[in-house]
Amino acid sequence: MKSLFRSLVSSPLVILLLITIAGGFFRFYNLDWDSGHSFHPDERNIAAAVSRIHLPDQLNPGFFAYGGFILYLYRAAGELLVLLTRDPSWVTSWGKINLVGRTFSAFFSTLSISAIYVLARRLFSSKKTALLSSFFAAFTVSFIQSAHFGITENLLAFLVILLCFFSTKFAERPRILVSGAIGIVYGIAVATKTSALSFFLIPLVAYLLACVRRPNKQQIVLTSLLFVELLVLSFLVFVFFSPYTLLSFGKFMESMRYEYGVATGTFSVPYTLQFVNTPAYIYQLQNLFWQMGPLVLFSLLGILLLALQVLKKRNTDLLVFFLFPIFYFAYVGSWHTKFIRFMFPILPFLIIMAANFFTFLSSRWKSAGRILLLPVSVLMLAWVLAFFGIYTREQTRIVASEWIYSHIPFGSMILREHWDDGLPVPTALDSPTTHGYILEELTIYEPDNEEKLAYLSARLSRGDYLVISSRRLYGTLVNLSERYPLTSRYYRRLFAGRLGYEKVGEFSSYPSLFGVTINDDSSEETFQVYEHPKVIIFKNQGRLTQEEITHRLL
């Protein structure tokens, strides 16, 4: 019995199963963290598109920032739930559509743990590297966080892992089944999000390597035919799952021009102002620390090690794996817009590179490798547990809303900021209407001029309370004093108590563990403002006149 237990415990597949179960727990825990309020804007856009679909007669989602695959997947799952529960809100309620999306996101994120194991095992023929890769993947904060959002990042990460796996097999030995698998995976990826077009580098490198390894004319022709089959199949899969990309091609291109303009900084929009004056590449590397914890340092060392291994071993599998994250980071890292999700497709590669580094270190200097791996693993787990604590607490906007209903009198005027989630949100027992609140919106992003000064002073003089539901606006605009001199002064003087408003409530939910709190205000804002924003409530105690406020803002 003891020997059976030892063999089970030492079995790589048993260890992988345990790692996957643990990682799955972190991913599936409290997917309804926002109690159906849909605080993530991308989730709102997806849910709105899904609710517009009606199977089988109305298939046009009228939304092209994402491909059709994810929208039809969520709608089909929602229709199934309607049949099972007789509750039509699974295809109409944004909150319930988001819950469906988050379930899929957590599912694909959990699948990625095993997929990373399989890819690492193929690349390095090492159980240790494969298990370590799956361990790192299971406890990477960014994977766990994105699993709680019904967006495409985890599905795309899973697909890019599969694409790399099949492409390495194609580079080794081109076969019709392998090229078919690549075509299907790549077609689904592009049908999920157009940005997955960048994944094409992976099968392209595999094709070129396959031709180099088999330089005779007959083999090159055969390999080329298989590659053409791959392209045709991927196109057919793409059209099947995202037909309105072609049927409404004009609107699709209009959407893509806008999205690309936002990404590159050609179009200036409020939600990308945070990236003004941020250094390319350096900013992304800084935020990888929030996404991966201390592991990112060893990923960078792993890149250098893998470059040496590719040159030394001339291993085509390693080259297929190595080139994509390098070129992807070089291209996407140059963009003006630097959302942390843009780095998501290379996270599996960075994780495997870090695992390979530790395995290499242990093979050369056994004790040094173990001594280094232990504190890194402990710190990584500590960061995961600290971040996971966010999902064990009630979301800060909901807590703040409950405070508002309990403390702000009936009929009060509450000032809220545009381009952010206005509070209070409805709860089971209360709503702004039942409390007779007068809700006014402050258009803070408007250009600074005399009209804005008069407008802002007038609103502040009339308001009873001011609610700031995240750092989205003040965290950015206070640092853009050249472009927003008035707005920058407004925030500085508001927080200094010089505008008659005093802080009466602050609600935060920073990652914390054993009494140690990690302030993540310096992270890229989308890392914080959805599920754990800091909410600040001010009360108009000074009751300054419009003229007095105007004078203090000059």
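Glycine is no exception: its Cβ is also placed from the backbone N, Cα and C atoms.
Features of the protein shown, as given by TrEMBL:
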type     : residues : note
TRANSMEM : 12-29    : transmembrane segment
TRANSMEM : 99-119   : transmembrane segment
DOMAIN   : 99-235   : domain 'Glycosyltransferase RgtA/B/C/D-like'
TRANSMEM : 131-149  : transmembrane segment
TRANSMEM : 183-208  : transmembrane segment
TRANSMEM : 220-246  : transmembrane segment
TRANSMEM : 288-311  : transmembrane segment
TRANSMEM : 318-336  : transmembrane segment
TRANSMEM : 342-360  : transmembrane segment
TRANSMEM : 372-391  : transmembrane segment
Quick check: do the transmembrane segment (318-336) and the transmembrane segment (183-208) share at least 3 Cβ pairs under 8 Å, counting only pairs 6+ apart in sequence?
yes
Is the number of Cβ-Cβ pairs under 8 Å between the transmembrane segment (131-149) and the transmembrane segment (220-246) three or more, considering only pairs separated by 6 or more positions?
no
Helix, strand and coil residue totals from DSSP for the domain 'Glycosyltransferase RgtA/B/C/D-like' (99-235) stand at 121 helix, 0 strand, 16 coil
In terms of Cβ proximity under 8 Å, which residues at least six beyond the ends of the transmembrane segment (288-311) contact it?
136, 140-142, 318-319, 321-322, 325-326, 340, 343, 347, 350-358, 360, 376, 379-380, 383-384, 520, 523-524, 527
Ranking 220-246, 342-360, 372-391 by Cβ pairs under 8 Å to the transmembrane segment (99-119), which is first?
342-360
Determine the mean pLDDT over the domain 'Glycosyltransferase RgtA/B/C/D-like' (99-235), rounding to the nearest whole number.
97
